[in-house]
Amino acid sequence: MKAFDLHRMAFDKVPFDFLGEVALRSLYTFVLVFLFLKMTGRRGVRQMSLFEVLIILTLGSAAGDVAFYDDVPMVPVLIVFITLALLYRLVMWLMAHSEKLEDLLEGKPVVIIEDGELAWSKLNNSNMTEFEFFMELRLRGVEQLGQVRLAILETNGQISVYFFEDDKVKPGLLILPSDCTQRYKVVPESADYACIRCSEIIHMKAGEKQLCPRCANPEWTKASRAKRVT
């Protein structure tokens, strides 16, 4: 075998006329996956639950094999598609009649912010980092957590955000990128400060240094009172 043989790397022993069959097989599997997505009624991956993603991965694995392996017939992948479609319908019906099964397969929504305060332990137990969570909030126009009455991490990974009215906005943790905020271990002036980890708000005097009473973090940033601009 010759190393870096471009013809071997590109085609190996595959005849040129098989490439047309690969195109046909690819179109066939694309149509199957597309029909399944249409059947689920989802418009994008972010709308899918964990169970639905698992179904798609299983179908994709079968579809990938039939697309370019000449010894894999096309009818079995149709059987896989029909089986998965029936399984999907059955599981959806069962979940509609069993909340426990729905919680097992889909998971539960998690309240991450309540009354402007971050439930950092719940966030740490989720599959989302603080950086990702704060980025999602910023994309929804959130500048500081005191603007948020309730934020829920949904089972599909998206975040539902409910805001305080302007006259009810609280002092909160500023969630702008770190180069846009100042952090202190010794605070420079008397004011309300927010823990950068858990968003706990306490009043501190100039020159004061203390650990957060909620999470024992030593770093603070000045609490923001900014209201939403709509």
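Glycine is treated like the rest: Cβ placed from N, Cα and C.
If you look at the transmembrane segment (16-36), the same-chain residues 6 or more away from its ends with a CB under 8 A from one of its CBs are 55-56, 59-60, 63-64, 66-68, 70, 74, 77-78, 81, 84-85, 88. Annotation comment: Swiss-Prot describes 16-36 (among others) as transmembrane segment, evidence class sequence analysis.
The transmembrane segment feature in Swiss-Prot is assigned to 48-68 (among others); the stated evidence is sequence analysis. Residues 22, 25-26, 28-30, 32-33, 36-37, 40, 42, 74, 76-77, 80-81, 84, 87-88, 91, 105-107, 155-156 of the same chain lie 6+ residues outside the transmembrane segment (48-68) yet bring a C-beta within less than 8 angstroms of a C-beta in it.
Per Swiss-Prot, transmembrane segment is recorded for 75-95 (among others), and the stated evidence type is sequence analysis.
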